[in-house]
Amino acid sequence: MILVINSGSSSIKFKLFDTSKAIEPILDGLAERIGIDGFLKFEHNNQKYKFEDPLPDHEHAIQLILNKLLELKIISNIDEIKGVGFRVVHGGEISHSSIINEEVLQKIQESVKLAPLHNPAAIIAIKAVKKLMPNTSMIACFDTAFHQTMPQVNYLYSVPYKWYEEFGVRKYGFHGISYEYIVNKCEEILNKKKEHLNLIVCHLGNGASISCIKDGKSYDTSMGLTPLAGLMMGTRSGDIDVSICEYVAKQTNSDIFAITQILNKQSGLLGLSQTSADMRDVLEQYDRNDKKAIIAVEKYVQVVADFIVKYANYLDSIDAVVFTAGIGENADVIRDLICKRVKLLGLQIDQEKNESKYSDYKLISSEKSKIPVYAIRTNEEKMICLDTLNLIK
């Protein structure tokens with residue numbers, strides 16, 4: 001069995017995979033409000049469990065998870081868990097999932113300055129598992145690793161080169177675990193080896209990015225040094241004129257940190273619509289002809305369409321355009337509006353297919369479309385499980 005952990009500052013999402021046959025999760029859970037007034041909940045064999053517990057820290061939460069797995073006889077002993085895979089948001093210039101040793105842990109620590117909200121939580125969880133399961137292999141899967149194949153012309157910024165040399169200022173990109181899963185899935189769907197696949201993948205969730213996949217590898221992506229760059233998102237602004245920060249700071253007697261917080265937490269869909277960061281709420285207002293919701297949706301759609309056209313220019317041919325993540329998988333209206341804005345590529349959506357229910361993936365383009373368009377459900381936890389399994393063999 002493989003345990004997959006995604007650790008946040010006050011929560012731990014986890015899945016337990018049985019890898020003896022098909023690689024499918026047998027348990028899906030969440031430890032939440034760690035350090036406040038916590039609880040643990042999970043689902044196993046269609047039965048839901050919830051346990052109230054103070055959860056003073058991550059180590060206590062992981063200990064409780066393991067205790068409940070044993071108490072409920074989901075596992076008979078800890079050694080049944082052959083590996084633990086961790087999602088780590090930032091790996092700097094690490095280019096692949098890695099067995100966690102002191103060197104890798106140090107590199108994760110060095111990347112804290114690039115992901116101060118995310119990496120510390122991963123480090124805490126890794127150290128807790130190491131203490132509680134000292135004989136179990138641990139693997140770090142990085143959201144940034146997939147994008148390490150980008151050429152320098154795409155990852156360097158036009159700023160003093162010494163900023164890159166001294167401070168690591170460059171585009172890193174994110175959602176790499178999701179993109180890797182989608183590339184593997186497209187290899188299966190399109191029956192074409194991934195080293196020959198050219199894709200434009202739109203990962204549209206509350207955080208959103210697009211990646212240009214050339215010969216199965218990341219060639220460019222919309223997020224940058226941090227996840228703030230690129231597309232308009234739920235609460236993030238995406239790309240803006242950076243001098244806005246200084247201008248608004250002066251106008252409001254704020255500092256750059258305060259303005260950056262606003263760009264991260266109060267912008268995007270929330271900022272423009274003044275309604276919500278959730279696309280479902282914004283679309284409700286859009287249907288009611290709310291002017292701010294309309295401009296928010298139109299801006300969101302336009303920015304995605306612009307990136308699709310930009311990335312199409314990098315590719316000699318395109319095997320598919322893919323929509324994934326919460327909005328990409330579920331918001332048929334947004335998929336349709338985006339494809340209608342991409343005038344140069346001849347994308348044609350079949351409305352019936354686009355609106356139909358599906359489990360894993362579906363083709364949503366019509367026969368007239370010059371390029372196939374798919375909605376594919378991403379599965380980052382399964383990708384982490386597969387990487388963990390491959391590395392511990």
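Glycine is treated like the rest: Cβ placed from N, Cα and C.
Features as listed in Swiss-Prot:
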type	residues	note
ACT_SITE	D143	active site, proton donor/acceptor
BINDING	N6, E380	Mg(2+) binding site
BINDING	K13, H203, L204, G205, N206, G207, D278, M279, R280, G326, I327, G328, E329, N330	ATP binding site
BINDING	R87	substrate binding site
SITE	H175	site 'Transition state stabilizer'
SITE	R236	site 'Transition state stabilizer'
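Features per Swiss-Prot, on structure.
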residue	record	Cβ neighbours (10 Å)
N6	Mg(2+) binding site	24
K13	ATP binding site	16
D143	active site, proton donor/acceptor	25
H175	site 'Transition state stabilizer'	29
L204	ATP binding site	27
N206	ATP binding site	16
R236	site 'Transition state stabilizer'	26
D278	ATP binding site	16
R280	ATP binding site	11
I327	ATP binding site	26
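Under the three-state DSSP scheme, I327 (ATP binding site) falls in the helix class. For the residue listed as 'substrate binding site', the count of additional Cβ atoms within 10 Å of its Cβ stands at 22 [all protein chains shown]. Per Cα geometry, D143 is the residue among the recorded positions D143, R236, E329, E380 nearest to H175 (site 'Transition state stabilizer'). When the Cα atoms are compared, D278 (ATP binding site) and R236 (site 'Transition state stabilizer') turn out to be 12 Å apart.
Considering only the recorded positions N6, R87, R236, the residue whose Cα is spatially closest to the Cα of R280 (ATP binding site) is R236. Around the Cβ of E380 (Mg(2+) binding site), the same chain contributes N6, R87, I177, S178, Y181, each under 8 angstroms and 6 or more positions distant in sequence. Restricting the recorded positions K13, D143, L204, N206, E329 to those with a CA within 10 Å of the CA of R236 (site 'Transition state stabilizer') leaves N206, listed by sequence position.
Here the Cα atom of D143 (active site, proton donor/acceptor) is found 15 Å from that of L204 (ATP binding site).
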